[in-house]
Amino acid sequence: MNYLLVLTLASLLALGVNGKKDGYPVDHANCKYECWYDDKYCDDLCKKRKADSGYCYKLNISCYCLGLPDNAAIKDYGRCRP
């Protein structure tokens, strides 16, 4: 019985977990994408990056993606380097 439990736990750990995250997508220079209130532009941009959806966050005038894969680049604490 214990072997079955250990084997099941080891199998789950070996498979890994594919999570999703939300955030501002960035280009190669760590700059956010400006949207100027265009939700369709942001939704298309986010879906190209394999997100579930996206919208224009109007306070920052930047695209925000929902459900991005874990390996997608999002805005962090670094500056934009144009």
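Backbone N, Cα and C atoms are what each Cβ position is placed from, and that goes for glycine too.
According to Swiss-Prot, Cys31 forms a disulfide bond with Cys80, chosen from Cys65, Cys80.
Out of Cys42, Cys46, the record in Swiss-Prot bonds Cys63 through a disulfide to Cys42.
Proximity to Cys42 (disulfide bond), judged by a C-alpha distance within 10 Å, picks out Cys56 from the disulfide-bonded residues Cys31, Cys56, Cys80.
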